[in-house]
Ligand SMILES: Nc1ncnc2c1ncn2[C@@H]1O[C@H](COP(=O)(O)OP(=O)(O)OP(=O)(O)O)[C@@H](O)[C@H]1O
C-alpha cells in the first residue's frame, strides 16, 4: 500500500516503467501502421490500372482509417509523455461504505490504465472519484458517480511534487495539508505563461469548475482569486465530462486583449486539451459589422478618460452603456415600424398598386427585420400585378420597383439610421464622430444592436460554451448583444473593483438581469499576493472583501521624491537591482501610455532594456515589462513598481481603479513612488 516515502518512490518507478512500456508499444504500433499505409499506397500505385473504382476506394478508405488510428496514437503518446514528467500529484485511500478493502487512488492530469490487468493506475483529475481529493480531508467523504452518491472514508491523503519523473517531495495529509503545498506553489517566482493549478485547486474553486447544473455561471472574484485559472480548468473539465456533446472548437473565450490571450495560452495544452478560440470585444464587433465601420478602440477610449475627459464625453459613454438606452433603441424600432415606412401608391405600366396593399405586405412580413422586408414586398407586388392584370413586370421595371419601395423608408443605410435615431431622441449631440468618419467606442455595440434589429444577424450557433473574462468592463448594451449572438451556455467572470472604465462598467445585478437563468458564485480568497500586499490594496479600495492568504513578505514601500528626475532615477535603480534578485519578473505599471513612454525613453537612455507593452502588443514574455494598468490587467509579476503615485496623477474614480489594478498585479513585492504630494488614495 506504499506507506513510506521509500515505497512511494519505488512505486513511482514502477509506474514510470509501465508508462515507458506504453510509449514503446505505441511507437511500435505507429511504425507498423506507417508501414501498412506505405504498402497500401504502393500497392494502389502499382495495380491502379487493373483495379476497378470500388477496389481503389476500399484501399483509400483503409488508408484513411489507419491514418486516423495514427492520429489517435500520437495524441495518446503526447499524454503519456506528460505523464512521464508528472505521473500524478495526489493520492487518497478511499474505503467505500460496506467494503473492507480500501484502495489508493492516484490522481494525475490524465488517466493511465494497466491494459494487461485492466486496472486504473492513475485517475484523471476530472474523474468523478477524483473530486474527493479536492473536497475532503481525512474522514467521511463521498463522490457523485454517474448514477449514485458513493459514500465512504478517506483514510490517507498525500500530495507529491514530481518533476521529470523524480519525486521532489511528498506531503502527508493532515487538516492543513492543502495550505502546505499551496504555500510552496504560491511562493514560487512567476512564469512567463499562466500555469495550471490542478494539484492545488481549492474546495471553493473546485465547486465552480465542476458546476454543471448552472446554465449560465457568473463568477465575481476578488483580484487574484483564481478566476481566470478556474475558467480555464472549467473548460478542461467540461471537455472531459461532456466529450460527446462539446469539443474545443465549440468553445469561445472573450478576453481583454492579445497579450492576455498569449499569457493564458499554455493552460489548456498543459491539461491535455486543445486550445480554444479566443477573441476580443473589438474583434467580435468588426466581425458583426462586417468590417464596414471604422471605430475607436477600447484602449483609446480608456486613455481619453484618464486624461481630463470633457463632461460631454463621459455623458456620451455612460448614456450609451445603460439599459435605458437600449429601451430607447427599442422604442425607436417601434417608431420605425409604425411610422417609418411611408407606403404610397405605385404605378407600373399604367397599373396602380395601392399604398394600402404595400403597407399590408410590410406588416405581413413582420417576422423579417425591416430592412429585409423590401425584397419580399417587391416579390408580392410582381405576383399581384401578374395576378390582377396578367402583366409580367420586366427586369428594368423590377429594379425600379425595388428602388421605389426602399425610398418609402427613410434610409437603408445603418449609419444614417443610427444618426436619425439621435435626431428622433431629440439629442443629436449625443453622436460625435471622430476624425476620418470614425465612431467613438461607445457607439460600436449600439450600432450592432441596431443592425441586429434592422437587418438581423445570424447568431453564432456553432459556439456551445462562451467564456467572458473581465466581465466588469463590458456594458449592459454589450451584454444584450452577446446574449443575442450567443444563445449557448456561458461562464462569465470578473471583478467589479477592477473596471477600467467606470462610466460603462457592469455590476453583477446588471449582468444577471440580462443573462437570465444564471447562477452566481463569489470568490473572496486572494491567492496571488502576499498577505501584506493584499492588506495594502484593500486600503486603496475600501470595502473590498478580499481574504488574504497567509503567505508573508515585505511590506509595500512608498517613496517620495523632490523631483520627477529623482523619481525616475530610483525607478531605473530598482530595475538594475531586479537583475540581481531571485525574481523572474518585474512590472513597471503606469497610469497612462504617455507616462510609460516617458519612462521608456529614460530606460533606454540609461542603456537598460525593457519590454514595453502597448495597445499593439500581441504577446507576453515576462521578465522586465513596462506597461499601463489597463494592459496589465489579468497579468502578474513577482515585483511591481507603480511610479508617479502623486495626488495630481491619481485623483479621479477612474484613476483609483487603475491604481488598484496596478498594485494587485504584485505577487511578492510592491514599490510605489511619487513626486510632490502622495495621492490621497494611498493615505489611510
Ligand atoms: N488553487 C490555486 N493553487 C495555486 N495557485 C493558485 C490557485 N488559485 C489561484 N492561484 C494563483 O493565483 C494567481 C491569480 O490567479 P488568476 O490570475 O487566475 O486570478 P484572477 O482572479 O483571474 O486575477 P485578477 O482578476 O486579479 O487578474 C495565479 O498565479 C494563480 O496561479
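Think of each number as a place in line: the chain as shown, counted from 1.
For all residues, glycine too, the Cβ spot is worked out from N, Cα and C.
Unlike curated records, TrEMBL annotations are generated automatically.
Segment annotation: TrEMBL labels coiled coil over residues 30-57 (candidates 2-29, 30-57).
Reduced to three states, the DSSP call for residue 228 (ATP binding site) is helix.
All protein chains shown were included, and the count of other CB atoms within 10 Å of the CB of residue 226 (ATP binding site) stands at 25. Shown are the binding-site residues 222, 223; the one with the most C-beta atoms within 10 angstroms of its own C-beta is 222. Counting every protein chain shown, the Cβ of residue 228 (ATP binding site) has 22 other Cβ atoms within 10 Å. When pLDDT is averaged over the coiled coil (30-57), the result is 77.
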